[in-house]
Amino acid sequence: MKRHLLEAADLDRDDATLVLDTAAQIDQALAGREVKKLPTLRGRTVVNLFYEDSTRTRISFELAAKRLSADVINFSAKGSSVSKGESLKDTALTLEAMGADAVVVRHGASGAPHRLANWVRGSVVNAGDGTHEHPTQALLDAYTIRQRLGRLEGVRVTIVGDVLHSRVARSNVGLLHTLGAEVTLVAPPTLLPVGVGSWPAEVGYDLDAVLPKSDVVMMLRVQAERMNASYFPSAREYSRRYGLDARRMTALPDDAIVMHPGPMNRGMEIAAEVADSVRSTIVEQVANGVSTRMAVLYLLLGGSQQ
Amino acid sequence: MARSSEPARSTTPGSTSGTLFSSADVARVVDRMAHQLIERAATIDPGSADGGLSDLVLVGIPTRGAPLARRLASRIEAFTGTSVDVGTADITLYRDDLRLRGVRALEPTVLPDAGIDGRLVVLIDDVLFSGRSVRAALDALRDLGRPRSVQLAVLVDRGHRELPIKADFVGKNVPTSRSQQVKVHLAETDGVDEVLVTEEVL
Amino acid sequence: MTTYLIRGARPLGSDPADILVKDGRIAAIGDSLSATGAEVIEAAGLVALPGLVDLHTHLREPGREDAETVETGSRAAALGGFTAVHAMANTDPVADTAGVVEQVWRLGQEAGLVDVVPVGAVTVGLGGGRLAELGAMADSAARVRVFSDDGHCVSDPALMRRALEYVKAFDGVVAQHAEEPRLTVGAQMHEGDRSAKLGLTGWPAAAEEAIIARDVLLAEHVGARLHVCHVSTAGSVEILRWAKSRGVQVTAEVTPHHLLLTDECAESYDPVFKVNPPLRTDADVEALRAGLADGTIDAVGTDHAPHAVEDKESEWAQARPGMLGLEQALSVVIQTMVEPGRLDWAGVADRMSVRPAVIGRLGEHGRPLAPGEPANLVLVDPSARATVDPAALASRSRNSPYAGRELPGRVVATFLRGVPTVLDGKATK
């Protein structure tokens, strides 16, 4: 493993598999236990440095670190020196002086974790940067797929929605490809980046054509403000062409699953009856997030510095 | 006891590498330890129908403690006709030397359905050395339940303890020097049953 | 005034000759010259070029003297072999009045290291709303001839047309920062494979090309001069080639960094590589070199853009665009154009001195190396190679994209009207 987890490309196939296997072992070790705590990272300090509000991701990392007995410091940009104009570099130097062994960073600017990694000695874990990547989300998604379908090799994953602005999509395309899955992106052309042709994924515009050939459908959140920027004419038209409703769900193969990184816009990209169906893994994804992040923290922090 | 029950060749401290146990030695030692465990179980609840074996849980410490525990259970069953619960407890996440030794892949932690609460748990490991693995296993057990008592069985005790830990069942005590390595190979993990003593290659 | 005898330099790379500099002018060029009392400069192996002229420099004064001043920027320019630089108008206050351009001009005179030629803003406050007092700036002591809202595009087509027309009255030129703003909202880097991967908002080539296409048509229609700043795409070169073939009075510049670097640099997320227009692709770099070689692109303009450390040591999106250029411009041109044989030394003189001086209407610069001409010249050692150390630069800022790169060429001496501003590679003041 590299020292930092900044993007999916930091994990080769062996590393990614090790993370998933480790998460599975942790899940098994903790299953049914009253005490869900392990002493592994006792004495280590993990800083959650969140420049964007993301309660679910922060809590997931916090729980992961605490279950490994690390000391956790939540450093939220709001109401701190950061909101008073302290630069990322000064914040990094502060964390460094405090002896952070790992910095989990969520930032609105793509590449901010890369910058941070230049300034701190500890491991940097990207918890979502701008429209770039969100590698632990991809890991938990891959873990969930493997748990449900028993494999990743050859699994046909269709990612639907605002790929252009999605860090989840970028990380998933990279990681799922690394792990042998076949990824197809489906979106209105306005929500696909110029240059998407260089990604290891098929690209299509017609959701109905792809659904019967999908083992996994991953619905991305579509933000209403995209509508105002003319990425699509209206929420209704988007939903009609790219939303996953009960009718479309019947076109999926029998054992196909439906994923969503959350938070969902019910009725927009995903209908309530789909989100709540047995195909939906949305709740499992949340639970798997904790064990996957425990695995990442263990593998990055548990060992000797190389 | 007949001489034939002793290992074929012995190795003295400071001597060069050699085979400590052959395959046949391993089988004999496992059988003897199985008998000792049966005897110990009988003391738990004298007069119980199954000789206390239903209260016994053998918990192997991966990697090689796990197959060793299964072997002991199967020998006990062969000798008594009673099956014994077996589990494994991976101690990696409980080690205190991660910083020194680096991360390693985790192995399964599996407990019998009946759990370990109130039972006699015997931890099974291949080699007892510093005692740190056993300490980590004790910590792991504490999180897994509350046994009535915990005992320790090892195939080889090579000395050099760094903690106040002592085995209750020992296949063989082998005085070694710190520079030596004791390697237990089992058919399940290594394709062959044997115990070797080697000089550490630095 | 000291007389200098430059021995054995190669004028424009030709055979060695002696150059006698006296009373601010080139007194003689020939073999075995001698002059009593002259200070001799041994220049064997050095190439003599007319002093370089930059059409595009940001000196940051007034307003951001922490990043650069007229004096520090002038010193950087002299060390880069320049004898004249055009100081862009995006200062604070903006150089949109006679008062501000005269202030910048005077600061340049006081520094005395290069001729600092102020560029006037096209629109008031660079706001793109109404024309600044272009005539007053032209008539001022600064004698402004180049007008630009650089940093911003004059995107309103009617306003651009009026500006092009209006400056004809005093033989001025509008230097357009070609960027259709509606296509570059939030743009961070070249839009392509790499922006898609890095999750940085793309700056499409079409946003530059659309404005250049529009402006060459406007310039043709009203019969005015147009200069295009920092051309960065292959498509732009094609449009310029087409426009020139039609006889449109358009000129264009390319920056050193667009001749050398590509969007691959962005993969580090190090904002030292953030610049506007952004670094493009290998194919664009190739087209720009070809355009400069065949004269479609007239000039090298540095777009020297100093930034304080805090404006660059940040997240990519928060960082200001721009990079230093004055001190390495000639080295980059040697590496990308001279060494591969795409431009000879006469070509370098043409693209870095003669043509930019003509575009800026600077009568004293970009002149031939000939007796009677002003002694604005530079001596270059083309065989020297050095690794760029930002800490050693004369600029007050450190945002050099060439840090750690080995580049060829060393400016040994620069003369401004017969006075050395650089000797032995060091600024004289």
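Glycine is no exception: its Cβ is also placed from the backbone N, Cα and C atoms.
Here is what TrEMBL says about this protein:
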- A:R56, A:T57, A:R106, A:H134, A:Q137, A:G262, A:P263: carbamoyl phosphate binding site (BINDING)
- A:K84, A:R167, A:R221: L-aspartate binding site (BINDING)
- A:3-147: domain 'Aspartate/ornithine carbamoyltransferase carbamoyl-P binding' (DOMAIN)
- A:153-300: domain 'Aspartate/ornithine carbamoyltransferase Asp/Orn-binding' (DOMAIN)
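Here A:R167 (L-aspartate binding site) is compared against the binding-site residues A:R56, A:H134, A:Q137, A:G262, A:P263, and the shortest C-alpha distance is to A:H134. Cα to Cα, A:R56 (carbamoyl phosphate binding site) and A:R221 (L-aspartate binding site) are separated by 15 Å. Per DSSP, the secondary structure of the domain 'Aspartate/ornithine carbamoyltransferase carbamoyl-P binding' (A:3-147) breaks down as 70 helix, 27 strand, 48 coil. Between the binding-site residues A:H134, A:R167, A:R221, the minimum number of other C-beta atoms within 10 Å of a residue's C-beta occurs at A:R221.
It is 14 Å from the Cα atom of A:H134 (carbamoyl phosphate binding site) to that of A:R221 (L-aspartate binding site).
Of the residues the record lists as binding carbamoyl phosphate, namely A:R56, A:T57, A:R106, A:H134, A:Q137, A:G262, A:P263, the two whose Cα atoms sit farthest apart are 16 Å from each other.
Listed binding-site residues A:R106, A:Q137, A:R167, A:P263 compared with chain C at a CB cut-off under 8 A give A:R167 as the close ones. Mean pLDDT, taken over the domain 'Aspartate/ornithine carbamoyltransferase Asp/Orn-binding' (A:153-300), works out to 95 on the 0 to 100 scale.
All protein chains shown were included, and the count of other CB atoms within 10 Å of the CB of A:T57 (carbamoyl phosphate binding site) stands at 23. Fewest other C-beta atoms within 10 angstroms, among the binding-site residues A:R56, A:R106, are seen around A:R56. Within 10 Å (C-alpha to C-alpha) of A:R221 (L-aspartate binding site) lie the following binding-site residues from A:T57, A:R106, A:Q137, A:P263: A:P263. In the three-state DSSP assignment, the secondary structure recorded for A:R221 (L-aspartate binding site) is coil.
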